[in-house]
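A.B. asks: The active site, proton donor annotation in TrEMBL covers B:48. Summarising the annotation, TrEMBL assigns ATP binding site to B:41-48, B:158-161, B:195-198. Residues or ranges marked as beta-alanine binding site in TrEMBL: B:72. Feature annotation from TrEMBL assigns (R)-pantoate binding site to B:72, B:164.
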């Protein structure tokens, strides 16, 4: 990890920590070829490394942003307690990314909250947003800012945060941002359980119980291409109640509204439930061609 | 005005009409040097030509957008009746700009209203926005889109729409858009009256009466650098009531909040009033260094 002034001969293997917008823009302008952005709130783990790996496959340069965004935390949420592990993060991605951009709150938001901001609209008030008013508005605002600052050709986002991915795809489409959003498949443990930092909270029984999520996802995939069969899988899972479900929906990925029997094309299956007090998500995209 | 496919040797004198986002992006990517954007709703007149002239002074290429933005019209406003004069507009700027971008509503908003959009916040609900809920949200949304599509180095905006200019400067700052906003001075008639399409509605007595606006602006300028003296000028103008004032304010240009006695630096003076049934605006920026 170098923190010296940029050298003319610095290759992509020399990861640089940048903390100001001005230096980021200058460094970005000096990059030839294609650029991928990986936007994170830090506390990096294997899931983030899968995003970095995909970004490296797809672009010549990778900028990783590491910023805990106050705008997406509500009052009473864990903004203050959220882990800040910049030194560990830098060590994890050293040599894997060109730049780690880790600005201060004051640097990214000279005025907080900003006067002009982005809103996710109705799609930000359902599912994960239902209990977190303003959360997705904060997400799209910081993502818009970071995409402007990193000016990437593409940016990678995991499919597990399916609502976030859908909303960010709409951000890019609705505001004509010149960037391609590249979804990265969910990383799973050998059991099928979607990888998550929160899995560490689960005991042995909990890990077994949590498989209700991935089993439901697998059953929904197997039920494609029938829209009705997918909806039956979800209804039956809710009825079996192996875990404490928050929701299990089959949605139109463009609108995040529940699909009807006449829906054709991609369907976003989203699950959220609680196991041993830990809230878990899973998701999949299936293609529907029949009622 | 050519509408053929782009030619390798097409110079800036060959104005091209473009109606799709894809063609605009391709044409923009082929531009060398600096680019200025002039965003308009069409119905071009001398005021717009002053913007075009300034853009030509500041950049190698000029893209003029010509789009009546439905998002910034409220119910009961004149969206349907708003003049659409594309053929005349093209003739007016032919040879002066590289590109006229005039998309259809369906092209710019495949889904209307967009799910993800930009909001101007509290600054969009005061002054001109007080009676037009959502107006400035529509403005910042379309400006954000058009700045993404035209990807200019700079964009010119007139100082007469002072609140719009202030909000767009905040849009660019708050969302880190990589563009410089270049304010263009108010064009005035020899009498001092700020040029406006609406001046055509005024009779001879109205034109005389309307000078209350520009005289107040001149007096406010003369009262600088004293904040108190500027505020006295505005208070006295309101009391004299030569016209039917909507407002006369001295504002902090960054927040659009009224300045207090301790304010130092730039002050935005904004006037709005009605003469012979026609609503008129005027504005100025002064610098304050004393109470």
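Using N, Cα and C of the backbone, Cβ positions are placed for all residues, glycine too.
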A.B. asks: At a 10 A cut-off on CB-CB distances, which of the binding-site residues B:47, B:158 has the highest count?
C.D. replies: B:158
A.B. asks: Would you count the other CB atoms within 10 A of the CB of residue B:41 (ATP binding site), including those on all shown protein chains?
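C.D. replies: Counting Cβ neighbours of residue B:41 (ATP binding site) within 10 Å gives 16.
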A.B. asks: According to DSSP, which kind of secondary structure is residue B:160 (ATP binding site) found in, if we only use helix, strand and coil?
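C.D. replies: SS state of residue B:160 (ATP binding site) = coil.
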A.B. asks: Around residue B:197 (ATP binding site), how many other C-beta atoms are within 10 angstroms of its C-beta?
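C.D. replies: Its Cβ has 12 other Cβ atoms within 10 Å.
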A.B. asks: Around the C-beta of residue B:195 (ATP binding site), how many further C-beta atoms are within 10 angstroms, looking at every protein chain?
C.D. replies: 16
A.B. asks: Considering only the recorded positions B:48, B:72, B:164, which residue has the minimal Cα-Cα separation from residue B:197 (ATP binding site)?
C.D. replies: B:48
A.B. asks: Validating a neighbour-count step here. Other CB atoms within 10 A of the CB of residue B:43 (ATP binding site): how many?
C.D. replies: 16
A.B. asks: Tally every other Cβ atom lying within 10 Å of the Cβ atom of residue B:72 (beta-alanine binding site).
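C.D. replies: Here the count is 21.
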A.B. asks: For residue B:72 (beta-alanine binding site), what is the secondary structure by DSSP, using just helix, strand and coil?
C.D. replies: helix
A.B. asks: Sequence order is fine: just name those recorded positions in B:41, B:48, B:158 with a Cα within 10 angstroms of residue B:164 ((R)-pantoate binding site).
C.D. replies: B:158
A.B. asks: Test of understanding: give the count of other CB atoms lying within 10 angstroms of the CB of residue B:45 (ATP binding site).
C.D. replies: 17
